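The structure under discussion appears below in the form of structure tokens.
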Amino acid sequence: MAAGSAIQIPSRLPLLLTHESVLLPGSTMRTSVDSPRNMQLVRSRLLKGTSLRSTIIGVIPNTSDPTSDCDDLPNLHRIGTAALAVQVVGSNWPKPHYTLLVTGLCRFQILQLLKEKPYPVAEVQQLDRLEQFTNGHKSEEELGELSEQFYKYAVQLVEMLDMSVPAVAKLRRLLDNLPREALPDILTSIIRTTNQEKLQILDAVRLEERFKMTIPLLVRQIEGLKLLQKTRKSKQDDDKRVVAIRPNRRISHGSITEDEEEEEDHDDVVMLEKKIRTSSMSEQALKVCLKEIKRLKKMPQSMPEYALTRNYLELMVELPWNKSTKDRLEIRAARIVLDNDHYAMEKLKKRVLEYLAVRQLKNNLKGPILCFVGPPGVGKTSVGRSIAKTLGREFHRIALGGVCDQSDIRGHRRTYVGSMPGRIINGLKTVGVNNPVFLLDEVDKLAKSLQGDPAAALLEVLDPEQNHSFTDHYLNVAFDLSQVLFIATANTTATIPPALLDRMEVIQVPGYTQEEKIEIAHRHLIPKQLEQHGLTPQQIQIPQVTTLGIITRYTREAGVRALDRKLGAICRAVAVKVAEGQHKEAKPDRAEVGEGEDCKEHITEDAKPESISDTADLALPPEMPILIDFHALKDILGPPMYDMEVSERLSQPGVAIGLAWTPLGGEIMFVEASRMDGEGQLTLTGQLGDVMKESAHLAISWLRSNAKRYQLTNASGSFDLLDNTDIHLHFPAGAVTKDGPSAGVTIVTCLASLFSGRLVCSDVAMTGEITLRGLVLPVGGIKDKVLAAHRAGLKRIIIPQRNEKDLEEIAVPVRQDLTFVLAGCLDEVLNAAFDGGFAGRARLEQLNSKL
Ligand code: ADP
């Protein structure tokens, strides 16, 4: 260290505010940086800067509390140490922070603060190590005796130490080589001193004063050592090691003295070792941990690896290697819990009970993982939670949506900066037992990226043959996951990687019928919302017709999540009224009905007096219970979002209603066609996939070949439908990509309506794939599609004949509400879709196979 040469620091310095440690010129310190201001300084100055100048910062000690410095800048100590940032290490665990290695250059004082944000910058004046101090040995001569005395004590101290330790020998050499004026700072930073003492030395700008203040500290240390040597003679060597001056030791922590702290740390490591030895971790893990703790003992605390190793060991101790909850599985009780928590979902509950029963009889979990597949809000997650409840196990949900890095599942290797375990191991640490229920939510939304395929990592987790020795990269030892009960959920199986799907048993969870939704609302959602909003049934009453109104006019979904939100909105509105009412009840004499009427314009005659729309503006407290009727609904939720638009949209030829399946449940879809003069071109819009485009071409070809039979003509009356005519087919909603063959019959019907000029019945929806010969082939998702048609208030549904078996799965009330037309060929479809049928002229022998 060229401690004797003169240096020149910049006149403006960014300031690093430290709380717990004092850096003195000539010494080095490692400090952890996590407050916003200091982090900014590191990011924008140290990490971005390219010149040596940009690595010089001012370290201001004793700043009140650097973590709360997001608001006003705390009072700054006037004197600081200019320092060179030698190393920056970043880490994200347990929270984002940097570790800085800084070497003190010289003292400075703050002249003026230039800016406070994002990090403070000050105009500074250098106080020592200037040209005039270092030229010649003037200062040394002046100080003469003082400096000599100091030097003697320093030599005496060092010689009391074990000279065989290389660091001590080096220090002895330094004493001779360093200029005397640098010694007080350096020795103060390495002997045992409190922060307060260090601060005093920092503030002692005059060299003479500094010498004077340091000598007593040296003497104290020498006395301490003498005492120690006397009392613990037998263990002299050890003591020296513990008390030894450690030139490398640079971090000190706040108010506790280093002595206490060191002992504490030592104790901690011993405790940790004890914990490791007494923990029930596997043999392999124990071996690794003991090796690591051995390394830890030898490591200086200031090494970044020290913290990493310690975190690792602490995690290893915390993991539930052998800790589990006791399963209390009783099938009858499980059935009751499932029934109490969830209405309907019979098929799902049946399968879950079977699964649990098998587990009860055969005490192992080998078998497929259950995967609930269905639209959002149908209760997949909450069934998972109920399963954990019935088993008396801990529940943990792992959201996999958007996870694209396999280390999310399997952790980062410890060599990475900021490495941490994957979500599985983290989950186990959180629940603290090794047999929880893990719900892997949204497995269909796993993504792939350059960082590897998380689905492949999940394979190992889910495979009962492999998961007893799951190795997280961070742990680097096997952990037994075979006791964990995994349940997966997804919206669709289409995007689940096949290998993963292969290990799961898919249980479809379809959407709910209106009746089921009403029951769910009244049995589960409303009581839950009332409780959440602090309301009682005596304060609010939601009749079933209102619930039906919300379901049909304010939501259009397969599940009940939007319904739940709307009920929440109603409860919030009522809570305001109730709270206001309570307030008014307290001083009822001042309330007058007339006042309220003045400011009210929309009171309707048929509004019931106790509805919320009336009570809203009346000054009298509302009459309890507040009844939620349609007027109140409109007041709270606004005008209905979904009115029965179906018949309006079918008021022109060239529109038909199809049924589509999406991961969010079934949907009705209006297919529109128009024709114009042109050259026989077909335009398709609405973001269609290739299969759907082919269906459109098929439909046109079939209609062209059967135009005469059905009397279909173009605008000029010709049976050649595309002669001088362009056709445009559109599938709303245009922003959603659609694909699949099931729109075939709808396109045919829509075009038949366009070319015949007849309207398609407004209460009929249809689905089915077509062939060039006019046959209707079966399609998937019938149950969801039928529910969507039912939700939309349609009455008749045309489905392929071969889908008849799927109707059995549909709830009886829905089936009773609807008429199903089972169509084997397009002729039957057209006959059913138009009022009065759509008979062709002559029945062709199209179904007589020659084969
Ligand atoms: P998913 O995981 O399928 O998206 P959730 O499990 O989050 O849906 O369910 C959404 C909400 O609907 C939850 O509050 C749940 O309790 C409720 N819910 C859904 N289905 C039912 C049901 N059959 N009975 C009672 N509550 C239900």
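Each position is counted from 1, following the chain as shown.
For all residues, glycine too, the Cβ spot is worked out from N, Cα and C.
TrEMBL entries are annotated by machine, without manual review.
Under the heading domain 'Lon N-terminal', TrEMBL lists 13-222. The average pLDDT the prediction assigns to the domain 'Lon N-terminal' (13-222) is 82.
Within 10 Å of the Cβ of Val378 (ATP binding site) there are 28 other Cβ atoms, across all protein chains. Under DSSP, Val378 (ATP binding site) is assigned to coil, being neither helix nor strand in the three-state scheme. Under the heading ATP binding site, TrEMBL lists Gly374, Pro375, Pro376, Gly377, Val378, Gly379, Lys380, Thr381.
Feature annotation from TrEMBL assigns region 'Disordered' to 585-608.
Among the features that TrEMBL reports, domain 'Lon proteolytic' is placed at 650-836.
Residues or ranges marked as active site by TrEMBL: Ser742 (among others). Sequence-distant contacts of Ser742 (active site), defined as residues of its own chain at least six apart whose C-beta falls under 8 angstroms from its C-beta, comprise Gly658, Leu659, Ala660, Trp661, Thr767, Gly768, Glu769, Val779, Gly780, Gly781. Annotation note: Ser742 (active site) sits in a helical segment as assigned by DSSP.
Feature annotation from TrEMBL assigns active site to Lys785 (among others). In sequence order, Leu659, Ala660, Trp661, Gly666, Thr767, Ile797 are the residues near Lys785 (active site), counting only same-chain partners six or more apart with C-beta under 8 A.
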Spatial neighbours of Gly377 (ATP binding site) that are distant in sequence (at least 6 apart) but have CB under 8 A: Glu557, Ala558, Gly559, Val560, Arg561, Ala562, Asp564
Residue among binding-site residues Gly374, Pro375, Pro376, Gly379 with least C-beta crowding, 10 angstrom cut-off: Pro376
Residues near Thr381 (ATP binding site) in space but at least six apart in sequence (CB under 8 A): Arg397, Leu439, Asp441, Thr489
Among Pro375, Ser742, Lys785, the recorded positions whose C-beta sits under 6 Å from ligand 1: none
